[in-house]
Structure formats: C-alpha cells, structure tokens
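**Q** Supplied in structure tokens, the structure appears directly below.
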Amino acid sequence: MPQPAPLDFVVVGLNHQTAPVEVRERVAVRPEEEGALLGHLARHADEVLLLATCNRTEVYLAGVHGDPLAAFEGAWGHALLDHLYVYRGEAAVRHLYRVTAGLDSLVIGETQIQGQVKRAWQSARERGLSGTLMNKVVQGALAAGKRVRSHTGLSDKVVSVSSAAVELAQAALGELSQRRALILGAGETAELTLTHLRAAGVQDVLVVNRTAERARALAEKLGGRACPAEELSAALPEVDVVIASSAAPHYVVTAQNVREALAGRPGRAMFLIDISVPRILDPEIASVPGAHLYNLDDLTAVVQRNMQSRRAALPQAEAIIRELGSDLSRWYLTRETQLARQAELALACD
C-alpha cells in the first residue's frame, strides 16, 4: 500500500519578532486589497488563509504547489526574505495554535487574536478557499486558544496593546486625570484604548474618525467627545496625548500639524503613540521640539514588565499546544491512510 502523504500544511509570514514596524507596514492588508491578494495566493495552493494584524502578516496554505516563499513575496512585490519564516507540517499547525492562543503575540495572552483568526477563516470560506484540511486546522486552533485561556492563568489581568499604550502615557506624564487625550480611530482597538484612558482617570477624550457616525457612537458609548475629522488640526492644541489606532493610506497627522499645535501651547509637551500598522502619524513628528512620538515597537518594555506575573503559565500552555498539534497530525495520518486504502481497493476492483 502506498505511504500516506506528509501533512501538507505550510505557513509563511513575518511578525513583530522578525520585522520592525517599517517593514510590517509594507505588507499590511487593507480590506479592499484582501480579495486580490487571496486570488494571487490561491494560484499557489488549494486552500489559503490570510491572517493580517498590526503585528503580523501570515499566509497559511494547504495543498501547496510551488514555493510558498515566492508566493508571499509575489503577493506584496517586496524583497522580504530576511524577515520571513516558514513552517511546514505539524510545525505549521502548532504555529497557528500558538498564534490563536496569544502565545506568539507582542502582548502574550491577549485575546483579540482569537477573533482575528476567526474572521480570517470566515473570509477564506466565503471565497471557497478553506477546505477539509484548513477547516480542521483552524477549528483546532480556535479550540486550542480557548483551552489555553481556560486551563492556564495566561490571560489573567492580561495587558493589551491599548492598555500598554495608556501605561506608556502614564509613565511619561504621571497622573492622567487632568490631561486631555485624542484617539484616532473608532474600531475595536480604539474602543479598548478609550476604555483604558477612562480607567486611568482621563475625563476628556476626543474621538476622531473619518466616519463621523462611528466616532459619535464610540464617544457616546464610553463617555468621550466626537470630533469631526476636518477639525483635527484645530483640536490638536487642546490635547496632551494622541493615540492613533486607525487605518489610512497616508499620514493623518504630519510634523507640520504638530509643530503648529505646539506653537499654540508653549511650554507644554505632546505625547503621540501610534499603534496603527501602517503608521498614520508621520515619523518626522519625532524631530519636532516638544513632541514625543512612540510606535508599536516602543511598547515592548511595557509589555515585558507586565509579563512577569504570567510566565508561570507558559509551560502548561505550550504543553497544550504540543498535545493538540499531535492530535491533528494523527487525524491527518488516519485520514490519508483511509484514502490510500480506498484508492487501492478501487484499483483492485478495476
């Protein structure tokens, strides 16, 4: 009887550990680009899942034909080899399990990634790109994420990118209750950021989004003030902290905007934290006197301080990942063996 084929599952990608934000933003995926990217990748595999977050862009492939590295680089048109990793077979399965459980995140144990994986899978299914193997692997990944969070203390009092950004502002400014803040964006991360700002005592938070209705809805929900996007420049002199968590094809706040804002508030510094990928705060802001600019990569120190209390949960979490990864490999081997036997019987009948 023919030997069962090896587990035909591959991941190729980059993340915050292999690429700085300057590289990650080059492969960030905007919603309007997703269909074309998946169409390109589908020429290299039977099943495709594209997972793109602020800290990673990864392509999961099943039924691969061709070089997955070339498929990734061809999709984005950049020479990215120095930043890419490739895992195959069970190693690729375990990687997705670790990602979904929050073990591979900048903020270890964060929970947003579970929903991001689920949405990526839904997108693949809607386009007919998730078949038997991809469905099984992703279902296993979602189960792994739930099991790690419910059976370990990894997600207890977990810090998020949003809370880390607010903590960074507190470290720079001290007590925030007398400070004014401005959030760029109205999505899930912006909502978390506003929640943490309010918890830190900030009474006055402006919410700016290019869709005014979304800004109003978020402000009303959590006690902020909606600010029309066209009034952003006028609002900047009022605020001490700007946290950007939105998507835009260009810089929303430029160095000149900040220079003019600071001229209207002499002697008062401004702290700007960009947790968007691609970044929407002009990096040149860092050269403006009185402006202090941070991005996602600057949050590492904050995250590491908050990680100490959860390190004890890591061995148990990794053991769960190994166990469930092995279960998937056994399922695949059993399935392939059965298919091989069926093929052999069919030949014998002929």
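Heads up, the Cβ atoms here are built off N, Cα and C, so glycines get one too.
Small disclaimer: the values here were computed from a predicted structure and weren't measured.
Features from Swiss-Prot:
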- Cys54: active site, nucleophile (ACT_SITE)
- Thr53, Cys54, Asn55, Arg56, Ser105, Glu110, Thr111, Gln112, Gln116: substrate binding site (BINDING)
- Gly185, Ala186, Gly187, Glu188, Thr189, Ala190: NADP(+) binding site (BINDING)
- His95: site 'Important for activity' (SITE)
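I'd like these features described in context: how deep, what's nearby, how far apart.
**A** Annotation for Cys54 (active site, nucleophile): spatial neighbours Arg24, Ala28, Val161, Thr189, Ile275, Ser276, Val277, Leu296, criterion Cβ-Cβ under 8 Å with sequence separation of six or more.
The 10 Å shell around the Cβ of Thr111 (substrate binding site) contains 15 further Cβ atoms across the protein chains shown.
DSSP assigns Glu188 (NADP(+) binding site) to a helical segment in the three-state reduction.
Classification of His95 (site 'Important for activity') by DSSP places it within a helix. Around His95 (site 'Important for activity'), taking its Cβ as the centre, 24 other Cβ atoms fall within 10 Å, counting all chains.
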**Q** What other residues of the same chain, not counting Thr53, Cys54, Asn55, Arg56, Ser105, Glu110, Thr111, Gln112, Gln116, have a CB atom within 8 A of the CB centroid of the substrate site?
**A** Gly102, Leu106, Val107, Ile113, Val161
**Q** Quick one: among the binding-site residues Gly185, Gly187, which has the most Cβ atoms sitting within 10 Å of its own Cβ?
**A** Gly185
**Q** Can you tell me whether DSSP puts Thr111 (substrate binding site) in helix, strand or coil?
**A** coil
**Q** Rounded to a whole angstrom, what is the C-alpha distance between Thr53 (substrate binding site) and Ala186 (NADP(+) binding site)?
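**A** Each residue's Cα considered, Thr53 (substrate binding site) and Ala186 (NADP(+) binding site) end up 16 Å apart.
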